[in-house]
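**Student:** In case it's useful when we look at the structure, here is the feature table from TrEMBL:
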REGION    1-266  region 'Amidoligase domain'
DOMAIN    4-266  domain 'CTP synthase N-terminal'
BINDING   Ser14, Asp147, Ile148, Glu149, Lys187, Thr188, Lys189, Pro190, Thr191, Gln192, Lys223  CTP binding site
BINDING   Ser14, Lys187, Thr188, Lys189, Pro190, Thr191, Gln192, Lys223  UTP binding site
BINDING   Ser15, Leu16, Gly17, Lys18, Gly19, Leu20, Asp72, Ala241  ATP binding site
BINDING   Asp72, Glu140  Mg(2+) binding site
DOMAIN    302-534  domain 'Glutamine amidotransferase'
BINDING   Gly354, Phe382, Gly383, Met384, Gln385, Glu405, Arg471  L-glutamine binding site
ACT_SITE  Cys381  active site, nucleophile
ACT_SITE  His516  active site
ACT_SITE  Glu518  active site
Amino acid sequence: MTTRFIFITGGVVSSLGKGLASAALGAVLQARGFTVRLRKLDPYLNIDPGTMSPTQHGEVYVTDDGAETDLDLGHYERFTGVSSRRSDNVTAGRIYKTVLEKERRGDYLGGTVQVIPHVTDAIKEFITADLTGEDFVLIEIGGTVGDIESLPFLEAIRQLGNELGRERTMFVHLTLLPYIATAGELKTKPTQHSVKELLSVGIQPDLLLCRSEHAIPDTERRKIALFCNVHPDAVIAAYDAPSIYDVPVNYHAEGLDVQVCRHFRLSCETEPDLSRWHTIIQRVRQPEGDVTIAVVGKYTKLLDSYKSLAEALTHGGFGNNVRVHLQWLDSQEFEKADSNHLLENVNAILVPGGFGERGAEGKMAAARFAREKDVPYLGICFGMQMAVIEAARNLAGIPGAGSTEFGDPPAKVVGLMTEWMRGNDLERREAGGDLGGTMRLGAYPCILREGSRARAIYGGANTIQERHRHRYEVNNAYIGPLEARGLLFSGMSPDGLLPEIVEIPGHSWFVGVQFHPELKSKPFEPHPLFTAFVGAAVEKSRLV
Ligand code: GLN
């Protein structure tokens, strides 16, 4: 089958959940046996989200091939199981950078470089490059129609619609039908306006996906269809769902996949196989128990900064048939005296990834509490580094233990790494170099120690692959003194130089990992570390 392109734009307001909508559409198409790839075009000028504050932009999602991308790629991967690649996310900044570099090289042969055609060509090239014969490519355009920044992207997809033809392209527009309580009515005007906005740049949507809190009456559906020039059957309701896992099943119930198949003249007689989504919904609705896990972090005000983490913990709950309640705690709280009571009633403690000194001592205090009180502990990236420094200080008697991320401690238990191997290539980084795109990024192999808890968690595997995003590493010079006091470095890089996993064998469950396992967890395939961690929390809850 030739590859077909579905472009997803958003109107009326931001935060309508376009990423989730795209991911869910991908999932329903998969359930019909099609192969899919999802991509995102981000209109902002940063080259990538790598240097953007997690409290502003949410989490930075990292792909196997080491790209720092928008968090929507996490939704795509979790809903479809298709691993994202660097070529699945681009920003206006990167597009302009490519065009300007070409201009400097003289590639435009003296021509005047313009948004149309040079920038739009670069966007179209990005959309159609690095594909492997997928049945559908879903392209989400970030931002809201009407934003200045998205114009070149809309122009590019308009052109592609023309070039590839109606049989190979489809425009889906996600909008909102606000409910005015005093009038008791759903309002269609904002949707009409945003479709007008799209029409003004030459795009006629083929299908409207309408977010709504209330049922859309037939009269309103027909009105929207009439004013927006779409078929009434192509006005699809996207109702608020009890959980995100309901969305693919709901979309199917509203006929979304059938409309997409009709648009492309594909047969839609057979029912899609949504069984894996039904199983997940069942797990969400009828858990057999509850556990509470404290997440001691720094960006707890905007939960999007820990999107994949929260998802992976929920998946860990699916793996144990329990509901996981998260208690988001600000790590700075643990820098005050008498704050341990905040952790007294939780079944497990997790310290996630993070950057910078603020709150670091609090994270160490939380790790210490978990270590000393035998509470299950999972430290991810920064959370592993802090656990190791804490153990160095309070277990191995190295009071000057610290990280060079915060200055120049007497004992550099965590330090900046300037050279490391990626496959057969040596990667280098300068101390004081650029902050953007210069971390150890993407998937790296890790060898698991025989007989360790880590190895058992990964089902006896010798080597695993996990994704990284960090600048500092645990200094292997301290492995000896730390192992002498009861830690076990159970996962190492293949050259034996970089500590990747640490555990405490005498503890009920204490594991620190230098990588980000949350990035690879899926609802239908919970990550083994999260299943094991939540399992340990369940055990703990039975003891209290
Ligand atoms: N700040 C630490 C580093 O750069 C940890 C990063 C992280 O947790 N992702 O190594």
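Just so you know, glycine gets a Cβ as well, placed from its N, Cα and C.
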**Student:** What Cα-Cα separation, expressed in whole Å, is found between Phe382 (L-glutamine binding site) and Ile148 (CTP binding site)?
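**Tutor:** Phe382 (L-glutamine binding site) and Ile148 (CTP binding site) have their Cα atoms 38 Å apart.
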**Student:** Rank the recorded positions Lys187, Lys189, Lys223, Arg471, His516 by the number of other Cβ atoms within 10 Å of each Cβ, and give the residue at the low end.
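**Tutor:** Each of the recorded positions Lys187, Lys189, Lys223, Arg471, His516 was scored by Cβ atoms within 10 Å; lowest is Lys189.
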**Student:** Please state whether DSSP places Thr188 (UTP binding site) in a helix, a strand or coil.
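**Tutor:** Its secondary structure by DSSP: coil.
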**Student:** What whole-number value in Å do you get for the largest C-alpha pair distance within Ser15, Leu16, Gly17, Lys18, Gly19, Leu20, Asp72, Ala241, the residues recorded as binding ATP?
**Tutor:** 18
**Student:** At the level of the C-alpha atoms, what whole-angstrom distance separates Ser14 (CTP binding site) and Glu518 (active site)?
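**Tutor:** Given the Cα positions, Ser14 (CTP binding site) is 26 Å from Glu518 (active site).
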**Student:** Does DSSP put Cys381 (active site, nucleophile) in a helix, in a strand, or in coil?
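**Tutor:** It is coil.
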**Student:** Have a look around Pro190 (UTP binding site) and count the other CB atoms within 10 A of its CB, chains all included.
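**Tutor:** For Pro190 (UTP binding site), the count of other Cβ atoms within 10 Å is 15.
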**Student:** If you draw a 10 Å sphere on the Cβ of Cys381 (active site, nucleophile), how many other Cβ atoms land inside?
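**Tutor:** A count of 23.
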**Student:** Check the recorded positions Leu20, Thr191, Lys223, Arg471, Glu518 for any whose Cβ is under 6 angstroms from an atom of ligand 1, and report them in sequence order.
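**Tutor:** Among Leu20, Thr191, Lys223, Arg471, Glu518, near ligand 1: Arg471.
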**Student:** Fill in the CA-CA distance, Gly17 (ATP binding site) to Thr191 (CTP binding site), as an integer in Å.
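**Tutor:** With the alpha carbons as reference points, the distance is 16 Å.
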